[in-house]
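Worksheet: one structure, shown below.
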């Protein structure tokens, strides 16, 4: 990480910092860029017959902001070209489909320029508003560019061969550990800066959007899991009610069957022995007394005859 050339923000000289971060050296100063802006202004005035020398610069502001034309003119010195990310050209289409195969991107948001560049096989955000370069995983690169574009950034692909630099050689041989300088988010490959770093608004928005999407996905997953649990509980309850109803019906049917059998047995026995017959075969107490008395009378008569 120390091998990467990184200029921190000074005033409104973000264009200078952006170019030097891309080229990895103090190749341009504010004076150099101001001279390029003046040349562009002069060329533009010469093409307009009604223009006058007192016209304000269209390529440089009093605060030190430089236009994209100045950036392009500076890169042309190094045989490099800026290609708009959304242009319908082979270079732009290749950059959108496989950004990891490019060498660098230059971004602009609200008059702030910054560079995203690859060293070896690793990508770094070289924004001058940060205290040091920020490692970006290849997985997160595509997401980051999409978020920048969505938030209104102008993105340009740097086409051409970048000059050799120490950082390229060092990182190619010894890639930066994702945990040595900063902690990378495990799910999306986001590298969180340290608490001392002050991120630019664009980067803060990108990170916030990414985290919001993670929270939404987590909440959605929780809802799906909760719904699945509720469905399972509902299914179990319905099954329990069904089994309970089945048992009740079975018990009721068994009870009705037993009652039917009992009634059937009673019906089969009753006709064979009429109740009147059963009652008539049993002598009453009076009949027994009368028969006993008659028996005793017969004995007395027989005794009288013997005398």
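Residue 1 is the first one shown; counting continues down the chain.
Using the three backbone atoms N, Cα and C, a Cβ is placed for every residue, glycine included.
According to TrEMBL, the active site, nucleophile annotation covers 14. The feature active site is assigned by TrEMBL to 14, 112, 127. Taken from TrEMBL, the feature active site, proton acceptor covers 112. Per TrEMBL, domain 'Josephin' is recorded for 1-173.
A simple Cβ count within 10 Å picks out one of the active-site residues 112, 127 as the most packed, and that one is 127. According to its DSSP assignment, residue 112 (active site) is in a strand. Summarising model confidence by region, the domain 'Josephin' (1-173) averages a pLDDT of 93.
Under the DSSP three-state reduction, residue 127 (active site) is assigned to coil, being neither helix nor strand.
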